């Protein structure tokens, strides 16, 4: 039986101001707050785009962890990475180099007079992901990553050799990944040392060491989403651990990744601690997030079991550097943690998706064996980063559906939970003014085979005695979820503030609700998930009196785009006034054109040639489904989307046009699976919201609603006049 769970007094009219696409895109975007060793100040970066100047600005700021007061540190856009050396000294990467075109530099600055810092080292290329520790000797040991040649030297784009031909030649896959054609360069972690000179200033001591190049075909961080969480440096400065996809198996067919351990000075060949022959046996999936304990004696990391499944459950493992023994923790815990931090030598905090939120969990290492279930430290919001501030307190950075950024102080005592909210974006940013927890609630309802969760997001001035058209949003993945978190791309509140009640379900295949729900989508893309969505729509129709399903619209991206295409040829498709597909698959046989072959082979239980019927079982392009197409349909597909190539969107548009279904095709030649450029994002929002508003009637009801005509880009239409 379904139930509506109000997170606050949403029955009262919301005081929120309407969140427009322009406000969403131009609102400040902030990084995690990183505390100094004493835990009284944190540093974070911010960036902001202006539609007046059509430029972005960036800055670094300080957050007082007692008062929540924010003060500027620097607005120098060349400052790209900052780490604390002590309570009052910062080490950072300067993105320019006066002597080396395309190079960068390491600088040291004091907190009280940041502009008076000095250059400590020259770097031969563009570097990112700085991590550093100060050893007992006073030396600074650091690591960062850059592109590399196979000979171990750093790749500098401005100094690189160019060829007269544009040809690309491949003898193996990948050919391209995400939005990039592979080349002979790769990501690599480099290590270096800074020593104090006789003038009490730090300076480079020796050349950088490439810690990845000694392993043929290794790469760290691993693209497209790898970053500094793919590696770590021990507190004593002696060791570096990094993740790399396994170089001994075909990377396009496996998710297998190893954690390599190597001396910081590169004096020994990196060793894969969980490579072939290591214990526990049979654990061969993706590895990530290596983190050293504060005493440098242990290394925690996450690993999946299945070498072909990107959404397998992650388990925490502890590697003892002395004995080389590996111990799994909380193996019966039905969650999949994605981040780890040690608070002391015997305690770990893990972050994990958890029923539509991102919560933190406390794990005492010695007690967390067997069927141990961790206790929650947070509950309800989405914690994206966390650091030990001092004593028993964490500094937690995250977001919610109504706030793009918050920083909380959270106790390591589960009974205390959140001690204090220091700052929240919706309380300090004019663009988000008035947004709050009253804008959202959630529902649980009976799905195809189990209870299903969905978020409900309300429009500006919501009054439950009135009715609002339904905006039905379908997430991608397919192993993904709608969370109580902010998005600058698919933001439910922006949809809601056009005048909709947004319902965002987490059907079969969604993550954060246990393995069984996540795994049940395998070879079942148009089965149980579709039935869950039908039941979600029916629950809304029958139970939420303030929602007008007769004027409903639906939209989805990636797998959500596939589902919208599937809905177009299904009974549910006739219940919507308009549909939007963003980068969705349409033709079953086209799945072989993707890059990560292990994904499709796992989802459909075999290769394209061995189990072709599995690939075609839920085919939106089947003739009998095409004959049912009738609902006006907007298609977005981008040229740099190599996961689902642009031909998928063009194929769907061709069919809709020939069938006479009102349709439009939106294409960005310089965007990938996502739309991230601010100006492109504005057009995306204008077209998506304008399309939905046109057919739902919102455009007639709300004079401030976005319309298709808001876009200044000309529309190509060479059809003869009707």
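Note: Cβ is positioned from N, Cα and C throughout, glycine not excepted.
Listed in Swiss-Prot for this protein:
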- 1-18: signal peptide (SIGNAL)
- 75: N-linked glycosylation site (CARBOHYD)
- 78: N-linked glycosylation site (CARBOHYD)
- 86: N-linked glycosylation site (CARBOHYD)
- 94: N-linked glycosylation site (CARBOHYD)
- 151: N-linked glycosylation site (CARBOHYD)
- 253: N-linked glycosylation site (CARBOHYD)
- 448: N-linked glycosylation site (CARBOHYD)
- 558: active site, charge relay system (ACT_SITE)
- 605: N-linked glycosylation site (CARBOHYD)
- 641: active site, charge relay system (ACT_SITE)
- 673: active site, charge relay system (ACT_SITE)
Residue 641 (active site, charge relay system): nearby recorded positions from 94, 253, 448, 673, Cα cut-off 10 Å:
673
Looking only at 94, 151, 558, which of these recorded positions has the biggest number of Cβ atoms within 10 Å around its Cβ?
558
If you count the other Cβ atoms within 10 Å of each Cβ, which of the glycosylation sites 86, 253 comes out on top?
253
Of the recorded positions 78, 253, 448, 558, which one sits closest to residue 151 (N-linked glycosylation site) when you measure Cα to Cα?
253
Among 86, 94, 558, 605, 673, which are recorded as recorded positions, the nearest neighbour of residue 253 (N-linked glycosylation site) by Cα:
605
Could you tell me which three-state DSSP class residue 448 (N-linked glycosylation site) falls into?
coil
Please report how many Å separate the Cα atom of residue 448 (N-linked glycosylation site) from that of residue 558 (active site, charge relay system), as a whole number.
22
Could you tell me which of these recorded positions, 78, 641, 673, has the fewest other Cβ atoms within 10 Å of its Cβ?
78
Counting other Cβ atoms within 10 Å, pick out the least crowded of the glycosylation sites 75, 448.
75
Cα-Cα separation of residue 558 (active site, charge relay system) and residue 673 (active site, charge relay system), in Å?
8
In sequence order, what residues of the same chain, 6+ apart, have a Cβ less than 8 Å from the Cβ of residue 605 (N-linked glycosylation site)?
522, 523, 611, 614
Would you kindly give the Cα-Cα distance separating residue 78 (N-linked glycosylation site) and residue 673 (active site, charge relay system), rounded to the nearest Å?
28
Which one is closest to residue 94 (N-linked glycosylation site) in space, judged by CA to CA distance, out of the glycosylation sites 75, 78, 86?
78
Residue 86 (N-linked glycosylation site) and residue 78 (N-linked glycosylation site), distance between Cα atoms, whole Å:
22
Measuring Cα to Cα, how many Å separate residue 75 (N-linked glycosylation site) from residue 86 (N-linked glycosylation site)?
22
